[in-house]
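Copied over from Swiss-Prot:
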type     : residues : note
COMPBIAS : 1-15     : compositional bias 'Basic and acidic residues'
TOPO_DOM : 2-99     : topological domain 'Cytoplasmic'
COMPBIAS : 30-57    : compositional bias 'Basic and acidic residues'
TRANSMEM : 100-120  : transmembrane segment
DOMAIN   : 124-192  : domain 'POTRA'
Amino acid sequence: MTEHNEDPQIERVADDAADEEAVTEPLATESKDEPAEHPEFEGPRRRARRERAERRAAQARATAIEQARRAAKRRARGQIVSEQNPAKPAARGVVRGLKALLATVVLAVVGIGLGLALYFTPAMSAREIVIIGIGAVSREEVLDAARVRPATPLLQIDTQQVADRVATIRRVASARVQRQYPSALRITIVERVPVVVKDFSDGPHLFDRDGVDFATDPPPPALPYFDVDNPGPSDPTTKAALQVLTALHPEVASQVGRIAAPSVASITLTLADGRVVIWGTTDRCEEKAEKLAALLTQPGRTYDVSSPDLPTVK
């Protein structure tokens, strides 16, 4: 049997391999039990037996050659195909790389498109503004300072700039602005708390713990008066006096009616009942506050804690 439409190169390789394998096959098939005799001494039966053996041997040899040829053809086909396509693994790698690159580009395009849609879509706009922390400051003041147009897409709002604008309100100590998806803007403020008051020609001015003059209003009850020449957040005597005031125990601070600081080294407190506390400098404020809380339980008019190691009562 033969196969048709095969590559001539494969046929040549297969035939050569089959011939090499065929030469290794035994050619003689005569029985070992029967010694070979000269043909002229053979009888009819022996000659017929020999001819049958030769035919069987020839048939077996032909079958072996055909099988070897087919096996060699299969091996040759695989070898030639691999030789003709040596760069196929590399080509597969290139295809995989191109697919990965294409997927990355598609994802990037989708991401950019989604970002642009969110940036411009009215569905995610500031339809509501939530303000938290207002008390003395009104909602209208915050909205006026924020300057956020209704229905502005949330991603177009610079939250830091809005917070900075809100923080310019005198009574606002700090402001924070957050987007609340899908359609709200949240503004959280912390108002300044007055700790001292100072009289000016235009009325009483309120100062917070940082020395910021944030309001011109009547002071809350029991707020101590501030006796400093040039009060302000950068004034050394203002900082020193407020440091002393914030170091006092709450039960002592509530009794202070006035705090005076002609200099950073000569701070004095006047209590609501007229008693005077000589504080001195801001050194060892915590120790002085502890000593003063104990001394005020004793009768006297003047309490000197400028030297906390030797406090005195007069």
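Here the Cβ of each residue, glycine as well, is placed from N, Cα and C on the backbone.
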Query: Going by DSSP, how much of the domain 'POTRA' (124-192) is helix, how much is strand and how much is coil, in residues?
result: 20 helix, 24 strand, 25 coil
Message: If you average per-residue pLDDT over the domain 'POTRA' (124-192), what number do you get?
response: 95
